[in-house]
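These notes are about the structure you will find just below.
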Amino acid sequence: MAAALPPMLLLLLLLLLHHPAAANPDAKRLYDDLLSNYNRLIRPVSNNTDTVLVKLGLRLSQLIDLNLKDQILTTNVWLEHEWQDHKFRWDPAEYGGVTELYVPSEHIWLPDIVLYNNADGEYVVTTMTKAVLHHTGKVVWTPPAIFKSSCEIDVRYFPFDQQTCFMKFGSWTYDGDQIDLKHINQKYDDNKVKVGIDLREYYPSVEWDILGVPAERHEKYYPCCAEPYPDIFFNITLRRKTLFYTVNLIVPCVGISYLSVLVFYLPADSGEKIALCISILLSQTMFFLLISEIIPSTSLALPLLGKYLLFTMVLVGLSVVITIMVLNVHYRKPSTHKMAPWVRKVFIRRLPKLLLMRVPEQLLADLASKRLLRHAHNSKLSAAAAAAVAAAASSSAASSPDSLRHHHLHQHQHQHHLQLHHLQRPGGCNGLHSATNRFGGSAGAFGGLPSVVGLDGSLSDVATRKKYPFELEKAIHNVLFIQNHMQRQDEFDAEDQDWGFVAMVLDRLFLWIFTIASIVGTFAILCEAPALYDDTKPIDMELSSVAQQQFLPDIDF
């Protein structure tokens, strides 16, 4: 076995040495014949007036990025070139049936096709792949390239936007009389191709759907030259996939905007209304900072999402102002603010019914009692005045000794009235007069007894008041003062509750107003985007074989 090993190694070595000699000698001979006297700098025409027809195609492999801020579209493409070179024609029978030959592209003439709207990087293809030579003289060269083309971004409907970008290719050196450009799928004299970009090897983007890829040929005349310069526009219409922005921007923004409505549902006594408003305002500001990092810095248009955020910030700002006004109404006191009759009529009687609010029965009872008390007070004052006049007339008409005795008693009681009147002055009774004025008491409450019993409403006391001793009359005045003070305090508390209820009605009123404004504003702004009503199906899922293999379900035959 060991003796047989060297002959086997020798045989293997001979086979390896014989393998290069087994290469296609016809292809080598063809390569030498075609390129031995070939000049790659000369345009491949037999006559100098002839035009080289270059057919151009674009095969999209991947949509790498669309930078909205820098307005740059980055794509991974294969740029297909096809033209005729009369020097590369041969008879396959003379070269062992060879019909195609792969040669390095650096060894042959290449059209200087560049990307006119280049934004960054190389204008031309930098990866020099091999070209395919056909025996008919046709040359096919399909190099890969990564282009960064400028794309004008329209941010009006962001994030429900559609963008149309283009890639303009043309010869940088030769005019239209030397090199004529046409699309590789162009037929007859039609300069437009509906599907101008090959999407068979396209990897679907996670952010954009491709709606259309038309191509169109143009001829442009420059001031320097009389000849036309042809170019081909490859247009790409993109529609944004909105799931990411809906979940991460739209939904939180809508939720925060509706929190501004709940500010008016929060009771004023909680003390957190202003804090909630400021927190919502700060959240809206944070969203503005996030969007400013995404959208391009342009003053030509305001993004749709920016409009909505601005709308919500206006609502939140108004809610802060209105909340301050509502709190001011809630904490008003009768000692500083007297409620106007129209306020009581509008905000306690009318608006609660329209706003579906239940008015407390105590407020309704207080309103009714105040109306009855007002009418009764006016009638009692009139009756008391009439009784006082009658008593004065009867006392003046009396001429009996008893009348004279009562007259002297009346003078004695009048002196006591003067003493009581002295108590009402600022120097008397430690400021009782000032306390009475604070709670709305009149001088009659401490003046003559007719006015005091006039408030009590008892007409019999008017006739018999002269029989009261001074101590009893003073006690009656003190009791009436305490009664008047307690009545004023009850009215003070009742009106304080009225201000609180008015603030509650204002909260409910603006709750409805802001709810309707938020709903209408949300739908009016966000539903403005035309992409929401566009039911055009993406063509990348239909034309891409890669997408069909990845996303379409397997079909068992």
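Quick reminder: no glycine exception, Cβ is built from N, Cα and C everywhere.
Of ARG29 and PRO469, Swiss-Prot records each on a different side of the membrane.
In this structure, the CA atom of ASN47 (N-linked glycosylation site) is 35 Å away from the CA atom of ASN235 (N-linked glycosylation site). Here the candidates are the recorded positions CYS224, CYS225, ASN235. The one whose C-alpha lies nearest to that of CYS165 (disulfide bond) is ASN235. DSSP classifies ASN235 (N-linked glycosylation site) as strand under the three-state reduction. Rounded to the nearest whole angstrom, the C-alpha distance between CYS225 (disulfide bond) and CYS151 (disulfide bond) is 28.
The average pLDDT for the topological domain 'Cytoplasmic' (330-500) in the predicted structure is 57. Within the set of disulfide-bonded residues (CYS151, CYS165, CYS224), the lowest number of other Cβ atoms found within 10 Å of a Cβ is recorded at CYS224.
In this structure, the CA atom of CYS224 (disulfide bond) is 27 Å away from the CA atom of CYS151 (disulfide bond).
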